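In what follows, a structure is listed as structure tokens, so that the remarks can point back to it.
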Amino acid sequence: MSDLVYQWLESANLQQYYPAFEQQGITPQRFITITIQDYGALGIQALPDKQKLFRLITTLKSRENILEQQPSAPNTGATPQSVPSSHVSPHVAQGDRFVGDKQKQNDIQQAQDMSLYESYDGGYEPPYVSAQGSGPANGDDYVIPTIPYHPNAPNPPNPRGIPTVNRTVVPPVDLFLNQIQSRIRVVIRKRPINPKELSQNQRDVVTADGWNQVSIHEPKVKVDLTKYTDLHTFKFDHVFNEQSDNQEIYQYAAKPLIRSVFEGKNCTVFAYGQTGSGKSFTMMHKDNGIYVLACFDILEYLRVYNGSQGNNSKFLVPVVSFFEIYGGKLFDLLNNRQRLQALEDGKGNVQITGLTEKQISSVDAMLNLIDSGLTLRAVGATGANADSSRSHAILQIALKYTKSGKEYSRISFIDLAGSERASDVQNSDRQTRMEGAEINKSLLALKECIRAMDKSNDSKSGAHIPFRGSKLTMVLRDSFIGNSQTVMIANISPNDKSCDNTLNTLRYADRVKELQHGKGGIIKFNVLKMGQNAADVILGTARDDENDVYKAGIVGVNAAPSQQARVPPASQAPITARQIQQNLPQPHYNPNYNPPNSKPAFEPRVETTDEDDMVRTHCDLVDSIYEQEDLIVRAHRRQVDSMMQLVKEEVALLHAIENDQVSIDDWLVKLSDILSRKEEAITTLKGNLSAFKQALQKEEELSHSIDLNKARKK
């Protein structure tokens, strides 16, 4: 089996490290469990070699029964160092970025005929420059894969390669190359159903229908207890099914942004979704999270970029910062969670005072920083998840000029706090409810900023971007203006118990992307949003927007095509979602046709105006409570400082009267003045506390009213 380890290393041109592996007693079983932190102990220090080993191990992990698939090496008595070159190397999965030489890569291409490669020849070339590739132009062993052909490429022996070549998730080449130029891209990731959900007899109700469409088969029960399935269909830029891994997500969603960063653009990748849907796994996984994979490529691109610059003053260095937004406040995760302040300078730029920024030179250095920061991140239990992230974690990698320190560009990786329905947090304590309201408000503000950014991209005069709507959008202001690109990864859970949250996630993502309809890019499939947008209820702060036109269309088999709702021309006055609901035509009933598992007829949704108003009021009240909290904390600090000053004056006055340095009359006057000022400071603080207690009591009563309203509907 030691020959097998040598063959694996040889396939990646890492055979020179085999003695260290042999000395450490690395078996094939241990080989595939090696982590990045172990590379140093094995003598692997060079960044290109670390990349090769990382991709080799990831490839081997992705192939099922890798050890059983390998033929037993003949026992000829030869040492691993003397293994002849004629030994067959392990089959290299599609998309591997390590090859031995030009002939070896050509052999791989002939054997699989499913992957396009472009060469890395030391020049600064983008990874997606052409849909036609013919292998490396020289013998360099580092190549950057592009996307495979579709739909003509044959199915690989293992659909879990890197990247996964699943015919249901691979977009057309020409369309994908056009997509990555868009300022906004929205992709969906479906996680696998887990054993706990299966043990609870939960069903998978999410299907990825092709590379850009997802369907939700929502189980429902009518008033007469008749069960039926309501079908919801959405289309996005890309849909990843449960077989997709982080490598594939990064390859298609985030990697194109790396090129944009080196073009001077500010880029943002954020993961959104219900708690437990895989956001942190996608963004912050310590071995193959998107930020880890991006750091590999950023450092490699940076080496190439700096090598192409003749002037040292144009050299760039990566600088990392990591902070969280919790309860509307900023905390530095690289400095023991110290409080930060987001302030605007005279030019209108947002500056985060006190933020720790550390220059990195390797992936290991960044991993150590992030691991220490993640231990400080705020988590808590909700009705949706027992270990929910209650803060937005923002990791920023800025490229700065070496000499001047001026920022050239920046890429932000955002692991958003979990989005829950109002009912998921209403039965929790006040702190959890307030956290949920603040989270939902910031998520709504983020959506509105992205949509406004899209409007400004189409408008000659530009549209106002409401980045002051929350602390999240305020600190990300540079990502919403100027030359910027954004990718949203919406994570969804497949089980039927999370169906409501899954639908709300998709509706949120659909609202982010809906303005792309009718433009020169993707033509979206119009999907009916039933009645008042349910996402508005969940977010708790959305209001009827008279300037929005909800693109409506009935998804079902009983409505005739001519009777589907139409969007009015742009010249007509815009209408609201409620008006569309009222103006929908009556469904066409066919008594002789009742397909199975489909909704027999369209049932109008019961209006929930009172509940909507209460949820909105609750969110506004929570926002006011957070503002009052900051004011009271500052008032308390002023009161303490004032008391300390008065105590000093009182002690000095006491010494004076004891030493006969002041007359009794003067002592009485000064002491009376000190006590009056003490009483005034205490009275003022107590008044602030009384108003704050009333706001908390009102929040408690409003939350209880929402619970009662939901209980009556059940």
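From the backbone N, Cα and C atoms, a Cβ is placed for every residue, glycine too.
Looking at 122-161, 402-441, the range tied to region 'Disordered' in Swiss-Prot is 122-161. Gly273 (ATP binding site) falls within a strand segment according to DSSP. Sorted by the number of other CB atoms within 10 A, the binding-site residues Gln274, Thr275, Ser280 start with Ser280, the lowest. Neighbours of Gly278 (ATP binding site), defined as other CB atoms within 10 A of its CB across all chains, total 22. Secondary structure of the domain 'SAM' (1-63) per DSSP (helix as H, G, I; strand as E, B; remaining residues coil): 45 helix, 0 strand, 18 coil. Counting neighbouring Cβ atoms within 10 Å of each of the binding-site residues (Gly273, Gly276), the lowest count belongs to Gly276. Gly278 (ATP binding site) falls outside any helix or strand according to DSSP and counts as coil.
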